[in-house]
Structures are given as C-alpha cells and as structure tokens.
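According to TrEMBL:
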type	residues	note
DOMAIN	5-184	domain 'Guanylate kinase-like'
BINDING	12, 13, 14, 15, 16, 17, 18, 19	ATP binding site
Ligand code: 5GP
C-alpha cells in the first residue's frame, strides 16, 4: 500500500491573493501535488470554467452534498457556500499523492481538526491598508462588501497562530517559491519520514 499523501492547506484572509499565488504555483511544471477543485454556489466570474476554477453548483446541490457527508469542509462566505469535496481528496491521499487546498480560514480550521497531520500555511498581506486597496483594485465588490471583507480580514489575521507557517504575499512569484520550499522541507520532517522508513526496515528484517 502506498504511503498516505500529505494534505497541504493554503489559507489566509480574503483578498490577500491566495488564488493568484495558487495559480502561480500550478502554472509551473514539476509540482508533486495536485489541486483539489472546490465547490461553490457563487456566480461564475468572466473567464472562469466549471470543473477547472470551481464546480459551480446550486444552493440545493451544495446542501445535498453536505447532508450526504460529501464535504471535507465547507463555509458560508459573503452569502455563498464554498467547500472541498471529500471524495477526490481521499482518493488522492490514499494513492499516496499530496493534495493542495486553497480555502478560507473557517474551512481551514475544520480541516485542521479532522486532519491534524496536514501542513497549514497562512498567506498574509504586507499590511492591511494594502489589502483594502487590492480589494478596491480588483473591482468586483462594492464598498459595503469591501468593508465587510476588511472586518473579516482583521479577525482572520488573528488566526495566524493556528498555522504552521506564515508567508507574506509581497510578490507573487516570491510567495509561490516560499510555499514550494516549505512543502519540500515538510516532506522530510521526521514525523512524516520515520514511519515509512521504519516500515521499510521492518520489511527488510522479515
Ligand atoms: P472567491 O469567491 O474570490 O473565488 O473566493 C472567496 C474565498 O473562498 C477565498 O478566500 C477562497 O480562498 C475561499 N474558498 C475557495 N474555495 C474554498 C473551499 O473549498 N472551502 C473554503 N472554506 N473556502 C474556499
């Protein structure tokens, strides 16, 4: 049986650039982990593709998934549901593949409880004023929505202590590189490495 894969969770406040950093990481060749596509009830934005950016579903479909135990985690965020389908994650981890989630903080905390062995990385903005500016520049939300997101963001920053690593998103390629370095190093953490090594030694002694 393959060694179970590692669950990698990238989280952080809304507008910090999680999606952009994740896309930067996955635009590069040679990653030894797969992206878990999330499910959402929010409207598709221009250029987004169903089954690539998200699985876009209705509220009813999403609630059915929850009721059927089909979600690893989910959260209601700015009036929509977002969540991670459990089946794909389990299949990948069971086959020994590492899986990468990019999710907001409430969902990340649910995953932390269910999978304490995961790797939890918090992406953080250089400062909060810049976060507000980024949300304004993105132009997808009105000022009331931006204020709501800012309030949530302040609370989220306080949640950093629940993570294993923090990465400042000052420049996207640099943040992406740091995250990949963390993942590489984490694979060689003794607690991840030793059980497999012991097993190999055990087999050799039989
Ligand atoms: P957006 O609407 O901008 O694509 O995403 C809004 C927020 O939802 C972002 O913070 C994003 O990281 C988060 N998000 C995306 N997918 C998931 C998911 O599967 N679960 C949770 N909890 N949050 C998600």
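Backbone N, Cα and C define each Cβ position, glycine as well.
Only 14, 18, of the binding-site residues 13, 14, 15, 16, 18, place a Cβ under 6 Å from an atom of ligand 1.
A helical conformation is recorded for residue 18 (ATP binding site) in the three-state DSSP classification.
Other residues of the same chain near the ATP site, with their Cβ within 8 Å of the Cβ centroid of 12, 13, 14, 15, 16, 17, 18, 19, are 123, 125, 131, 169. In the three-state DSSP assignment, the secondary structure recorded for residue 13 (ATP binding site) is coil.
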